[in-house]
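Beneath this line is the structure, given in structure tokens, with notes to follow.
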Amino acid sequence: MPAVGGVPAGGAGKAYSGNLTPFVTVTCIVAAMGGLIFGYDIGISGGVTSMNPFLLKFFPSVYRKKMANQSTNQYCQYDSQTLTMFTSSLYLAALLASLVASTVTRKFGRKLSMLFGGVLFFAGAILNGFAQKVWMLIVGRILLGFGIGFTNQSVPLYLSEMAPYKYRGALNIGFQLSITVGILVANVLNYFFAKIKGGWGWRLSLGGALVPALIITVGSLVLPDTPNSMIERGQRDEARAKLQRVRGIADVDEEFNDLVAASEASAQVEHPWRKLLERKYRPHLSMAILIPFFQQLTGINVIMFYAPVLFNTIGFGDDASLMSAVITGIVNVGATLVSIYGVDKWGRRFLFLEGGVQMLICQAVVAAAIGAKFGINGNPGELPKWYAIVVVVFICTYVAGFAWSWGPLGWLVPSEIFPLEIRSAAQSINVSVNMVFTFIVAQIFLTMLCHLKFGLFIFFAFFVLIMSFFVYFFLPETKGIPIEEMNQIWRNHWYWSRFVTDEEYRNGGNVQMGKTV
């Protein structure tokens, strides 16, 4: 779908040679496993907070409220700032780590940043699995957050730089696919670990994060670095050889020369953070802030963090709520596969807009269904089985809409639009904004549920409507455009062309194109 004001897909003018080689496919799959640690944590935290033995040991006041409220106000039984701090502290840590990760990723390479992420996540998993006090849980969560900050900074950049531009969307969404797989695995493990006699299954759930941590740690040791990163650090001969292997052809001169020119211009930038504030980077900075902002205010984290808690709140038993979370996890993975198939075929804008409409409709229906049955006082009485199934179906449809639109594209689009000179800094902004609003939503969700009740879904639906208008009017199509050619879409856009003009690039040089325009 062309952008408003119009750049057709693939309209940037250059088409580098290259194939989708087995080498680059395997490399991107291994790198994308970095999403496992993020997804596993998202899925595991909501499950353990619905397990009674976990609540009794660490949050006894919440456990007592849950038991007392079983027949009264369902909306408020989990309302505890300490409990939400257990979940949300990770995202504050990820925010801080992403700022440091920018420098590490730029100066030492993408794979070293992934290694740091894996090691820190490993340490956090051990501490959480053996936790005896709440402070041990929180410190463990902070270490997990540091790990996620590094991997979320480096993995999307790695995938966008390594993939051939024609397949960049599908390979980059491998990161989101591994997030959804991590969520699903966590939900399945929660379901079975909750049944362990003795009430210690939550330790296996939290300690199980060791496995994805090991995968990304070992993977980062065997992965090659990207040609972009190698050039950035002065390893040009090695970068050319790597680019030839990655693209599967000997003649990579055009792409290599553009990468070198972009790197040379990038090396002259002493303050990439300050550079981000320049007028010609106004669209890049806007997307780095607004896309992750909107992604978190779709309301998806309400479902993914607290799916078992939410289903338990709307009338499911403990086992049924955990199984419902498994079902949404399966839908999440399946819909992400749809996005991998269609992102380079249908385009980013089509998926963004279709997913937005789908989520909006589902949120309205779920709000009406819960409101009609629970009312204001939160006491539904006996909830019919068919009624619960209807709610689950629409929540799953909502999850599917997110999983083939704002889920993967919220990471893909920012990672592919930044020129090399600001790429690490801009990606840090992207990750930081994502983590800030993930933290805010995680921290206040249970309180909002208690006070807004079913109106919480209307609250998030409002933002889905706003962000869909934003995409329609302000996001150009990036399908099929080489990553170092991306500035063309801004110069031809009805709104952003006032900031990204030919004159701007005559003054400063077109870093992405590798030559002065």
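Glycine residues also receive a Cβ, built from the backbone N, Cα and C atoms like all the rest.
The transmembrane segment annotation in TrEMBL covers 20-40, 83-105, 112-131, 137-159, 171-194, 200-223, 285-309, 321-343, 350-374, 386-407, 428-448, 454-475. The annotation domain 'Major facilitator superfamily (MFS) profile' is assigned in TrEMBL to 27-479.
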Practice prompt. Summarise the model confidence on the domain 'Major facilitator superfamily (MFS) profile' (27-479) as a single mean pLDDT, whole number.
Written response: 83
Worksheet item: Between the transmembrane segment (321-343) and the transmembrane segment (386-407), do 3 or more CB pairs sit under 8 angstroms, pairs being 6 or more residues apart?
Response: yes
Discussion item. What residues elsewhere in the chain lie close to the transmembrane segment (428-448), defined as a C-beta under 8 angstroms and at least 6 residues from its ends?
Written reply: 78-81, 83-85, 87-88, 91-92, 94-95, 98-99, 101-102, 145, 149, 152-153, 276, 285, 288-289, 291-293, 295-297, 301-302, 305-306, 309, 410, 414-415, 456, 459
Discussion item. Six or more residues beyond either end and a Cβ under 8 Å away: which residues meet both conditions relative to the transmembrane segment (171-194)?
Written reply: 24-25, 28-29, 31-44, 47-48, 51, 155-156, 159-160, 162-163, 201-202, 204-205, 208, 212, 304, 307-308, 318-319, 322-323, 325-326, 328-330, 332-333, 336-337, 339-340, 343, 403, 407-408, 411-412, 415-416
